[in-house]
Amino acid sequence: MLHLFAGLDLHTGLLLLLALAFVLFYEAINGFHDTANAVATVIYTRAMRSQLAVVMAAVFNFLGVLLGGLSVAYAIVHMLPTDLLLNMGSSHGLAMVFSMLLAAIIWNLGTWYFGLPASSSHTLIGAIIGIGLTNALMTGTSVVDALNIPKVLSIFGSLIVSPIVGLVFAGGLIFLLRRYWSGTKKRARIHLTPAEREKKDGKKKPPFWTRIALILSAIGVAFSHGANDGQKGIGLVMLVLIGVAPAGFVVNMNATGYEITRTRDAINNVEAYFEQHPALLKQATGADQLVPAPEAGATQPAEFHCHPSNTINALNRLKGMLTTDVESYDKLSLDQRSQMRRIMLCVSDTIDKVVKMPGVSADDQRLLKKLKSDMLSTIEYAPVWIIMAVALALGIGTMIGWRRVATTIGEKIGKKGMTYAQGMSAQMTAAVSIGLASYTGMPVSTTHVLSSSVAGTMVVDGGGLQRKTVTSILMAWVFTLPAAVLLSGGLYWLSLQFL
């Protein structure tokens, strides 16, 4: 690992350490800000002692990051303006990363201090949008192009739909439990609050199987949170490393010969597909004429311009770099590796446009998505030590400051105390929906899903909601996005004044 940092001068080394500290601090805040959601219900239903619950959440957050894959990590990264992603080594790219992280840290710390379960995901996405808008305004480019609108809309869709799903499904579970699981005295215990059970049965803990279900569902929430939110931290660390130390991280320097061959085969197959469907490529790119591949033996200009009409030419360049004798990326110069990354990201954007075309069959869509995944496999990666560092930061953060937000979730959303059935329904809904989102690569808000699930159970159970708390949570939800947009955009503009 350390050899990848060899050759960095003092200034670059310090910049790298500072940037990594920023990302890991952001992830630690995410731990004590969002993971309160995983422990709130088990603590307030007395299924686990608070210290044990927090350690459990930290451990399963850690495992969630380690085992969760990278689909969400790069879904977030690709929301950034393409021109900044293609030029991550520039001072503008670094200013972007620092502004984005600082904005997210300021807002997350503020909402945590006041005990508001605001969304770290919303904050990060708002910060990314702020960067995109400021970059578009300063460079005079189209806001629509700068913001990667299709990606932004799909992520917004998941963030808006996920709390509604939480509300409806958790409420539905409570309805079913009330209808079919309250006929006998033994079954009806699941609908008691801890205080009611102590008064009625003289016992402080939930019934055995109810307690097991509460603990398992809390483990599910913690694991799902690590798999979804932890990946966002991994994506940010990779952005930093590509920007500050591109020589070691612009592509996966540890890629095996097999992985490089897989990338090369994908490039050949993408080119073959586009050569067979030139009309589709023209339609997707909006170009009257595609730039053809150069004649054999002709020299190509050194500078590559990313434009969809250049796709065939771009694929030809990639083939020229990744010849069959390249079994390790060490054989390519830094310039070649950087250009290879730029071209692959450019081709990837074109593939995304073609996949969305109405004339593309479902089989072709699957084929193109698979080829895109194979092509990007050696640039969309994360070393194990990065995954471990993010997992540790998230786990440590969980154990530090969980109490403020957990109190809001456990005590202040409903007018009455939380019953065992409500806690279990909210957690099961959150664990399943966040887990599915991580599997499909959609970033969702753990906070929104669990808060809305708790609210759904309270409404269906007839307990009602505390207006003051719900208003505060809704205000935090509404203002998180514009606040993050303004903060990151302002910080980015300010930082560029000094470059």
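The backbone N, Cα and C atoms fix where each Cβ goes, glycine too.
The topological domain 'Periplasmic' annotation in Swiss-Prot covers 1-4 (among others), and the record cites a curator's inference as its basis.
Residues annotated as transmembrane segment in Swiss-Prot: 5-25 (among others).
The topological domain 'Cytoplasmic' annotation in Swiss-Prot covers 26-51 (among others), and the record cites a curator's inference as its basis. In the topological domain 'Cytoplasmic' (26-51), the DSSP tally of helix, strand and coil residues is 20 helix, 0 strand, 6 coil.
Residues or ranges marked as transmembrane segment by Swiss-Prot: 52-72 (among others).
The average per-residue pLDDT of the prediction over the topological domain 'Periplasmic' (73-93) is 71, rounded to a whole number. Annotation source Swiss-Prot lists topological domain 'Periplasmic' at 73-93 (among others), citing a curator's inference.
Positions annotated as transmembrane segment by Swiss-Prot: 94-114 (among others).
What Swiss-Prot lists as topological domain 'Cytoplasmic' is 115-123 (among others).
Look at Swiss-Prot and you will find 124-144 (among others) tagged as transmembrane segment. Taking Cβ pairs closer than 8 Å, the transmembrane segment (124-144) reaches residues 76, 79-81, 83-84, 92, 96, 99-101, 103-104, 152, 155-156, 159, 232, 443, 480-490, 492-493, 496 in its own chain, all 6 or more past its ends.
Taken from Swiss-Prot, the feature topological domain 'Periplasmic' applies to 145-154 (among others).
Marked as transmembrane segment by Swiss-Prot on the basis of sequence analysis: 155-175 (among others).
Sequence-distant contacts of the topological domain 'Cytoplasmic' (176-206) (same chain, at least 6 residues past either end, Cβ-Cβ under 8 Å): 44-47, 214, 416-421, 424-425, 460-461. According to Swiss-Prot, the feature topological domain 'Cytoplasmic' maps to 176-206 (among others), an assignment based on a curator's inference.
Here Swiss-Prot flags 207-227 (among others) as transmembrane segment, drawing on sequence analysis.
Residues of the same chain lying 6 or more positions beyond the ends of the topological domain 'Periplasmic' (228-232) and with a Cβ under 8 Å from any Cβ of it are 27, 30, 34, 61, 64-65, 68-73, 76, 120-121, 124, 390-391, 394, 434, 437-438, 443-444, 446. Sequence annotations record features per position, and here Swiss-Prot assigns topological domain 'Periplasmic' to 228-232 (among others) based on a curator's inference.
Feature annotation from Swiss-Prot assigns transmembrane segment to 233-253 (among others); the stated evidence is sequence analysis.
Taken from Swiss-Prot, the feature topological domain 'Cytoplasmic' applies to 254-381 (among others).
Sequence-distant neighbours of the transmembrane segment (382-402) (same chain, 6+ residues past either end, Cβ-Cβ under 8 Å): 1, 20, 23-25, 27-33, 35-36, 38-39, 54-55, 57-59, 61-66, 70, 73, 112, 222, 226, 229-230, 233-234, 237-238, 241, 254. Residues or ranges marked as transmembrane segment by Swiss-Prot: 382-402 (among others).
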Next item on the list: With the transmembrane segment (233-253) as the reference, find which of 94-114, 155-175, 207-227, 430-450 contributes the most Cβ pairs under 8 Å.
Entry: 94-114
Notebook entry, point to check: Given the transmembrane segment (430-450), which of the listed stretches 52-72, 94-114, 155-175, 207-227 has the most Cβ pairs that are under 8 Å apart from it?
Noted result: 155-175
Note to self: Should anything in the same chain at least six residues away from the transmembrane segment (155-175) have a Cβ under 8 Å from its Cβ atoms, list it; otherwise answer none.
What the structure shows: 75-76, 79, 119, 121-122, 125, 421-422, 425-426, 428-430, 433-434, 437, 442-445, 448-457, 459-461
Notebook entry, point to check: Looking only at residues six or more beyond either end of the topological domain 'Cytoplasmic' (26-51), which have a C-beta under 8 A from one in the stretch?
Noted result: 57-58, 60-61, 101, 104-105, 108-109, 111-112, 117-120, 194, 204-206, 210-211, 214-215, 217-218, 221-222, 225, 229-230, 232-233, 236, 390, 393-407, 409-411, 417-420, 423-424, 426-427, 430, 446-447, 450-451, 454
Next item on the list: Could you put numbers on the helix, strand and coil content of the topological domain 'Cytoplasmic' (115-123), residue by residue per DSSP?
Entry: 4 helix, 0 strand, 5 coil
Check: Same chain, outside the topological domain 'Periplasmic' (494-499) by at least 6, Cβ under 8 Å from its Cβ: which residues?
Finding: 91-92, 95, 98-99, 138
Checklist line | Beyond the flanks of the transmembrane segment (94-114) by at least 6 residues, Cβ under 8 Å | finding: 15, 19, 22-23, 25-26, 29-30, 32-33, 80, 84, 120, 123-124, 126-128, 130-131, 135, 236, 239-240, 243-244, 401, 404-405, 476, 480, 483-484, 487-489, 491-492, 495-496, 499
Next item on the list: Summarise the topological domain 'Periplasmic' (494-499) by DSSP state, stating how many residues are helix, strand and coil.
Entry: 3 helix, 0 strand, 3 coil
